[in-house]
Each structure stands twice: as C-alpha cells, then as structure tokens.
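Lifted from TrEMBL, the feature list:
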- 1-21: signal peptide (SIGNAL)
- 26-107: domain 'Inhibitor I9' (DOMAIN)
- 132-583: domain 'Peptidase S8/S53' (DOMAIN)
- Asp141: active site, charge relay system (ACT_SITE)
- His217: active site, charge relay system (ACT_SITE)
- 377-458: domain 'PA' (DOMAIN)
- Ser547: active site, charge relay system (ACT_SITE)
- 661-764: domain 'Subtilisin-like protease fibronectin type-III' (DOMAIN)
Amino acid sequence: MDFKTHLFVSILFLCSVCLHANTLQTYIVQLHPQGVTSSSFATKPSWHLSFLQQTISSEEDASSRLLYSYHSAMEGFAAQLSESELESLQMLPDVIAIRPDHRLQIHTTYSYKFLGLNTASSDGAWHKSAFGRGTIIGVLDTGVWPESPSFNDRGMPPVPRKWRGICQEGQNFNSSNCNKKLIGARFFTEGHRVASVSSYSPDAGHEYVSPRDSHGHGTHTSSTAGGASVGMASVFGNAAGVARGMAPGAHVAVYKVCWLNGCYSSDILAAMDVAIRDGVDILSLSLGGFPIPLFDDSIAIGSFRAVEHGISVVCAAGNGGPIQSSVANEAPWIATIGASTLDRRFPGIVQMGNGKYLYGESMYPGNHLMRAGKALELVYVTSENSGSEYCFKGSLPRAIVRGKIVVCDRGVNGRAEKGEVVKEAGGAAMILANTEINLEENSVDVHLLPATLIGFKESVHLKAYINSTRRPTARIVFGGTVIGKSRAPAVAQFSARGPSYSNPSILKPDVIAPGVNIIAAWPQNLGPTGLPEDSRRVNFTIMSGTSMACPHASGIAALLRSAHPKWSPAAIKSAVMTTAEVTDHSGKPIMDGDKPAGVFAIGAGHVNPERAIDPGLIYDITPEEYVTHLCSLGYTKSEILTITHRNISCREILQMNRGFNLNYPSISVTFKHGMRSKMIKRRVTNVGSPNSIYSLELMAPKEVKVKVKPQRLIFTDINQTLSYRVWFISRKRAGTAKMSFAQGQLTWVNSKNSLNRVKSPFSVTWK
C-alpha cells in the first residue's frame, strides 16, 4: 500500500472510530463564513447556538453543550455531541466541516529533530557546540518582531565583548527591545527611499521606519537560525511541539534591508558593511535575484569582504527551480543553499462525489483529525480574460460560487490571496490546483477558509470529474499533522538548480536544507497568511522557500563556529558539504520529483549537523586563493578590484600558481571541443584524530575514466595537510552533440572511524 492510500485508509478509519463512540464527544463545527442562515440572528453566538437547538432534544438546554463560539480564527463553534446528534448536524445547511477535538501529544516543530539534533545526546552537535553559544548570527531581511517568544533571552549568556553593534531606535522600536538573545537591530532605508521617490511613504501598508518587522519574513528566518526554545508552539494546533532555532544558544542581530517595494542593493551592501564592524560571525541572507556576474553582484562583493574578516556568509539559492542554471548567490566564498522537504505532512484530502479521493495538503483549520461536513457543489470558473481560473480579485461571480467549493489554479497571485477572493465572493471552500509548472510541489498555507492544495496529477483528475457530470460535488477531510509516513528529504520543486551561470567551474548549489512548510516565529501585527484581511493572530506560522532553507544552514554554521572558533568560513562550509547526505531517511537516493536527484539539484547533498561537527578532514581556502581563482576564470584587473578591493596583476599571480585549482570541496569539470582529459588538485587538512589513515572510495560515471593518486592519505598530526590529484579522462568526444552531463563522487574514509566519510561530488560537462 503506497503512502497516499495508507493515509486515506488511516484517516477514514480513525474518523469512523471517533464518530461511533457511545458517549458525548467534543467536536469543532465549521460553518460557512457567509452562512445563508446567519442573517436571521442578531449575534454570531445566537446563530451558532441555533444549530444545537435544531440537533439536540428540546428537553435539554442546548446552551449547556456549547463550549466556545469562534469568530476570528474560524467561523463556528465547539460543542459536545452524541453520534446521532453529529449525524443530524452534518445535514444542516452552512455546516462545512466537523472535526473531533483530540488531545494533542507533543511533537517538535520540527526541522531540528528531522536533522538529528537532540538535546538529550551528550556527544551530539548541540552539546559539542554549547547550542551555538557565543556566536553572533547577523540576519539581513525585513526586520524582527522583538516581542516574539523566540527572542526571549532567558538562560542566554552575556552579550559577547566583541560586539560593537547597536539597537537602533525608530518607529515602535526602542533600545529596550534588544536583550541577550536579540543583541542588535538596525534598519537601512536610503536605497529604497530614492528608488521609490515618486511614491515613497514608508508608513504605507503599516511599514515601520525602524527594525520592526511588518512583513514577517525576517522574524521567521531569524528565529529559524537562532531562535530560543519555545514550548507548546503550534499553528492553530497543527505541528504542535517545541520550537527551536538551529542554534538556540546563539545571539541574533537583525539588519532590516527589505521594505514594501523590495530589497535594494545599496541598502544590502550598507548593512553588510556595518555588520562586519559590529562583529557578527555569520551573515544570513534569505534574499537575492537572478544569477549575474560577480562584479555586478553587491552580495558577492560585500560577502567577499566579510569572508576576509572571518565571517561565514550563507545565502538562499533562489526559487527559480527547476529551471537549469537558475541558482543565484553563486560566488565560491558564499554557502549557497537549496531547499528540501520534511517528512511532516498536513493532509487535506478531497473526496469527490464519484467516491474517489485526491490527496492534498492544508494547515486549515485545526490540529486533529476532522470529519468533513456534507458534500458541497464543486465549481471551476473559466472565462476569457477575467482570470477566474486563477481566482483573481473580482473575477468570481457571486451567483456562481456562493456556498460552493471553488477550484483555483495556482499561479500569478498568492495562494492564500486566492482563498480570500473565494471567501469574499461567498465561496464556502477552495481547492487550490497545481498546474504543470508546479507539478506535485506542496507548499501549504494557513488559509482563511477551508482549503487544500492538490498536485498537478490530482488536478487533472479533479477537472476531468468536474467535466464528467452536471453537478459535481466534493468534501475535504482534514487530517491534522502526520509525521514519518513519507520519504524525505526530497528536493523542493522550486529550489534553484545549477550549473552555475557565471562560474560553471564551481558546483552550485552547495547543499540543500529544509525549506518546505517550515514553522517559525511570526509578528503580532499580521495574520498567519500575511494578508491585510486576516485578523487572526499567531506567534508562529508556516512558510516555504529557499529563504527558509538558508537560516537552517546559517544556524548550523553557528554551531560549527562555536565548536571550532578558529575555523575559517571555508573550513565551516567544507564540513557542512563533505558530511552532507545523498540518501533520504529510508536509505534510498534523495529524489527530485520522480527521479533521483542530481548534483545540480542537491550539490553535495542534504545537511547533517551531527556529522558536520566532526568532519575528519576539511578543504580550506584563503581569500588570496579566491583572487587567484578569479584570475584563472579570466576576470579583468578592474573587475577583480571591484569584487575584492585588491589591485593585483593576474599575469604575475597565474605565473606563480601554474595549474591552479580552487580547493573547493566539490569538483566541476568541463570538456570543451577537443579536450579529452583534465587534472584537478585538492588538499585536505586533518581536523580529527592524529595517526589517521583515509582510504579512497570512488564512484565514477561510465562516460569518464577517473584516476586518483594517492589512494591512501596517512596523517600523523592534527592540522596536517596532504594533497591528492584526480585525472578525468573522457570516453566520448566533446562538441559532437548538445551539452551533456555526468556525475560521480569520491570519498575519503577513515579506517578507524567509519563515521568520518569525507565526500566530494563531481560533475562532468561536455560542451
């Protein structure tokens, strides 16, 4: 039985068990937000009570059964019902869904547990790094909501003496908003102000002219990287557990560079400039654009100087996937992070009127198994030029969609925004249908009305059903939170792919990290959807993107920095890359859609902090070597000056470094027309035990013969460095067909400690 079928059976069985209890049980009843029967009542509570009065025997006071009346988080009520009363209630008009009120068991929320981080393990990464204590993570984003419990400083050590930053005051933000967790906050507006001079109004849309976050993105990312432990965290009961950042003991400094109209390079560069002086150890940037030459890339330029100061720079790879060469932030001194999935699902299953089921996912609306109400009519509105299939604002005729489940194609406008459009038009619920662009990608939302997201294959079946009958109907069965029933990690559909556009000699992205359906802190000025119409308030919400993957890697970098304070940024990145996993939790290859993932999707693999803390060997790189690398790529003197602030002679540098190869943890080889072989040099430094012997394991594609010398590395001391060479010999001619690729990996295995497996993926390209 596959996962989806197993899930359908499990949910329906559990619903059946719940609904056939002989005693009274508590249920949460979901009502139509614009219920046709509501106008007859002066207040919402009296309307809610009327449903019980119609269901419960007249001999009993119905109000004694009513527990809560909901108006903001949802439209409906909680009540105690018998089995027969439940069945009667389901038949009433305006009842959309009914779910049993189960007691929750605590589960983590969740990615740190998925990555193997464990508070109980005395020899694990968290304890070896003291949870990241003493390390400062600088986050460039939309600001921060300092009152979030994720920034509570209980149990935090004093602010490091090296810290030179400030808590910049501004609108609704003063110096008292900082503490031992959130040790600094600044905002940068000038680039945004002059770029938006014709319409500049930072107050528009509740924009705070201060470090305070009015969008939520920055609060989410900074808490993912270094948020404190928060017990009983959830999103309306979904994914309940303890919320923790990757480095819960680290300090956080926030630099607000993104505003209503975007993030401007001048502001980003100014923030990086100040952050270097402030004394951050890690810079986390969940922002970027399209791949551009390094000399035009402000992030690449600013990050080079950060790396010169010993600061690790971690950036999102971008959300341009699965398009080839869409990866951004591709400078070799940047850690470029793609996105992966978790094994946590939020089922929202569609039961069609023909009895067939479609698997979907949704965070709406509650935390337990839920029984859908009576089936509602299903409608998919299509018309020329109105955009109704995408559920654009004003495109849905109220007479057609009122009281029905509306199908909306994904794309163009926001997912949650489509739900608001359906709600405004009087629709009762929404099925969000992936198109061929999104395929089976499953980013969920905390919708404003009952809604679920289905994949492209399911959407084809749904629309075929709609076209097959005069009155299609459906209901949605919400399944709460399900953990451990699906293969993971897998590559996120949207995660940007390599090869690198401007520098194919470096394999990008570097690694992937959790970035789909990530729960983290959220501001109190926004509802969980971020829509102005959303009046609900939560401390946590769910988001997806490489923006969410980036702070996972930033937090892991902070752990390594705390455990190994003398390591360079290149050494930290090497440890993360060479210990990354290429198999999922079932031991099978990480998948990219319906095929095993390639190196241009996952780079070195999926982050594994427990192994990265003790990598055995590292590939180190000095800033001077990056300069030599730029020379070897043919960058001009003026371009290199722009990138590095170094006035050098490439001719002299290349004469002194003949046959230079950047000592990168992964390898990228390109065979151009007429080339048949290429030699690559690498050196590794022993950061594990003295007297260690590493032996070679090689996986080579059939199109290439690969030779490595030596095949054993014998270390006698810690911090000893040894070199090896790799020859790639093509078994096919370049230039005879369109561009093609192959991949493999070489691994150095410690003979005394098999956990020290130092893996380097390689890609081979024929042009």
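Glycine is treated like the rest: Cβ placed from N, Cα and C.
Keep in mind that TrEMBL annotations are predicted by a computer and have not been checked by a curator.
Highest Cβ count within 10 Å among the active-site residues Asp141, His217, Ser547: Asp141. When averaged over the domain 'Inhibitor I9' (26-107), pLDDT in the model lands at 74. His217 (active site, charge relay system) is 7 Å away from Asp141 (active site, charge relay system) when you measure Cα to Cα. Taking CA atoms as the reference points, Ser547 (active site, charge relay system) and His217 (active site, charge relay system) are 9 Å apart.
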